[in-house]
């Protein structure tokens with residue numbers, strides 16, 4: 001290490017630039033500012049929230065009180081929302097990633113009738129606005145009796161066209177066809193070849209797709225909003241907005257901004273942890289999507 | 001590489017694609033066909049459902065509110081997407097230059113907003129940009145100015161600030177990943193040939209980003225064309241921000257369907273927007289590929 | 001009308017304005033306290049404007065089955081609209097703060113918004129929105145168009161229904177019965193909700209209870225009287241929910257640029273309502 005740092009700057013180890021760091025730092029500040037506001041205001045009581053300056057701490061430190069209140073307000077429904085969200089995210093992200101891997105593998109390594117059309121339709125579907133789908137989806141699901149059940153949120157989340165695309169690209173590049181042929185010559189069936197040879201090789205892209213699904217399901221708002229009527233099945237996003245609206249609708253609504261803000265903070269903390277701990281996978285998976293274009 | 005044996009069309013391929021395909025049909029294809037069907041009808045509050053042919057589409061292309069919203073998202077896309085991608089690219093290049101102190105921290109922090117749900121981010125920005133009690137209020141008092149980020153003329157800029165905040169990191173990561181895929185020997189070879197850092201950026205790095213640029217442009221266009229959450233949530237927080245019920249086509253469709261009970265018309269609108277989005281994305285793709293071949 | 005007594009006193013106003021004429025004079029005195037001080041806020045609140053029209057005797061909507069007539073030119077409507085237009089024109093109303101927003105809470109809290117002409121239900125939520133103003137607010141009847149008159153109007157409201165697709169209609173009805181008329185009432189009143197049932201309003205305990213947030217005023221008695229004097233014969237159009245949603249689109253330019261007038265906005269609104277209503281199969285004119 002010592003020797004390396006004493007060496008002259010090279011392409012791989014250039015001199016650090018303070019100017020560049022400061023410029024990048026300014027952008028980082030822009031990214032952190034709102035989050036800072038959220039953290040500061042999650043420590044305020046409702047009375048302090050309406051009466052003190054936003055970026056300064058309140059008169060009392062109420063974070064723990066707020067957290068306790070978030071979990072007890074309306075008979076502790078927040079915990080239920082958290083569990084719902086976890087259910088939607090874990091089941092949704094796992095199934096969608098597996099289906100994407102299966103489909104991506106088929107697109108890259110197997111042949112079937114209508115493959116080109118299939119690809120075109122799936123890729124085209126990425127640009128269909130969510131609202132365009134939501135209304136007919138809702139009517140369709142209502143027809144088969146799925147609305148107001150967890151399935152109404154889960155089934156649409158199983159399909160991740162972008163994930164399928166990433167898996168297709170990744171399989172084409174990272175899974176050597178020769179290896180698959182060899183496995184088949186050894187007598188392995190197509191599905192076993194996929195599970196035992198291809199799937200382990202697809203792990204890096206798999207984690208990327210998993211993370212994308214994770215974030216998009218965790219943050220999904222519109223679909224559960226129209227599909228679910230029973231607050232017991234709400235995910236966090238819909239629940240929080242429900243609490244937020246309590247305060248801004250005219251009438252007898254309760255004003256619980258401190259709970260809205262604290263619950264918003266609690267909602268993004270798990271995501272941030274997932275980000276930090278799995279960040280190298282984002283990059284490895286994305287690099288493939290990016291290179292291929 | 002040994003020539004791969006010719007693949008035969010086998011039912012096994014279909015079996016692999018079937019689970020995705022079936023659910024895809026249920027979640028995408030059938031609802032879209034259903035929307036197309038709905039778009040040919042008008043459901044009246046008094047008088048019920050009647051077949052109207054293409055009347056909804058004819059009405060749509062003459063609807064000043066739809067055109068206003070569509071024009072707004074196009075204008076927004078033309079301005080916001082280049083700015084965001086410029087920042088994303090500059091940040092990716094800065095990170096890749098290996099000249100930053102604390103690069104890991106910076107990279108993660110810039111990516112962080114991507115994890116924040118739109119509801120939470122609108123809540124935060126709504127406060128920060130507020131003129132009365134937000135940061136802009138303090139700024140105006142300090143400087144004696146009268147800037148209002150949520151006046152009808154400036155709201156779109158504020159939304160741009162929010163969207164840029166949320167997605168720059170995501171795009172940066174795509175660019176960064178592409179840069180990381182460039183073999184570093186190339187840089188060394190260039191340096192030995194006497195190329196300066198800026199020349200390396202211009203001749204090696206920027207061309208290497210072309211593919212990912214196409215991807216990010218397409219995703220950004222799709223995203224901004226569908227803008228919904230921010231304009232939907234803002235009016236409850238800020239007075240007269242200029243956000244109308246038809247501010248973006250998606251918001252208009254939502255209001256038509258859920259407040260105006262005009263499902264057929266909303267379906268027509270949604271399908272037209274989808275068609276426009278696909279056409280634009282496809283055009284970008286074609287152009288991007290043609291440039292890459294040159 | 002809810003008013004912040006200490007702000008009014010600071011402006012040299014000893015009595016809450018009993019007529020709209022006095023309200024106008026009060027508005028000028030309050031705004032003279034400073035740029036942030038206003039008698040009220042309005043950013044295009046259609047419910048407030050309709051309450052004002054209602055009280056002035058205007059009845060712009062006439063509904064008979066599927067026939068709807070909309071007319072914003074009757075004398076009552078014209079009077080109310082012209083009055084509010086005058087306050088807006090003279091900059092006496094805060095057009096930057098929207099009701100029920102975070103800014104609104106803070107302005108009520110620091111006393112820069114002096115009055116709120118609103119439904120009685122504000123009693124239950126005001127204390128949590130403006131905790132610092134505890135003891136400052138009082139309740140009075142809505143200002144009158146004529147000295148000595150006593151006419152009121154309603155503002156908003158809520159209703160409960162049972163969807164046609166509900167599985168347990170009987171149970172739902174039994175619950176609503178309990179909730180709206182039966183034992184559920186006292187539970188709601190005790191929890192601080194404002195319930196405008198006659199049985200509650202006429203109750204002596206409700207009328208005689210001093211409310212510490214309102215400086216010990218017997219708020220119930222004022223609210224009971226206010227609900228008795230509501231002018232009758234008011235109707236809303238059957239597609240009001242839609243109409244209300246687009247009103248903001250039309251009113252917003254007026255409130256932000258000051259160009260145009262309320263009367264013009266209402267006329268545009270009427271045209272849109274006629275177009276929409278007829279498309280939906282009503283007969284609107």
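Each Cβ is built from the backbone N, Cα and C atoms, and glycine gets one as well.
Long-range contacts of the transmembrane segment (A:20-40) within the same chain: residues 54-57, 261, 264-265, 268, each at least 6 residues beyond the stretch ends and with a Cβ under 8 Å from a Cβ of the stretch. If you look up TrEMBL, you'll see A:20-40 (among others) marked as transmembrane segment.
Per TrEMBL, domain 'ABC transmembrane type-1' is recorded for A:82-277.
Under the heading transmembrane segment, TrEMBL lists A:86-107 (among others). Sequence-distant contacts of the transmembrane segment (A:86-107) (same chain, at least 6 residues past either end, Cβ-Cβ under 8 Å): 115, 118-119, 150, 153-154, 157-160, 163-171, 175, 194, 198-199, 202, 206, 209-210, 213-214, 217-218, 220, 224, 235.
Look at TrEMBL and you will find A:119-142 (among others) tagged as transmembrane segment.
Within the same chain, residues 85, 88-89, 92-94, 96-97, 100-102, 104-105, 109, 157, 160, 162-163, 166-167, 170-171, 174-175, 179-180, 183, 188, 235-237, 270-271, 274, 278, 281-282, 284-286, 288 sit at least 6 positions outside the transmembrane segment (A:194-218) and bring their C-beta atoms closer than 8 Å to a C-beta of that stretch. For A:194-218 (among others), the entry in TrEMBL reads transmembrane segment.
Residues annotated as transmembrane segment in TrEMBL: A:255-278 (among others).
Non-local neighbours of the transmembrane segment (A:119-142) in the same chain are 107, 152, 155-156, 161-162, 164-165, 168, 222-223, 226-227; each lies 6+ residues outside the stretch with a CB under 8 Å from one of its CB atoms.
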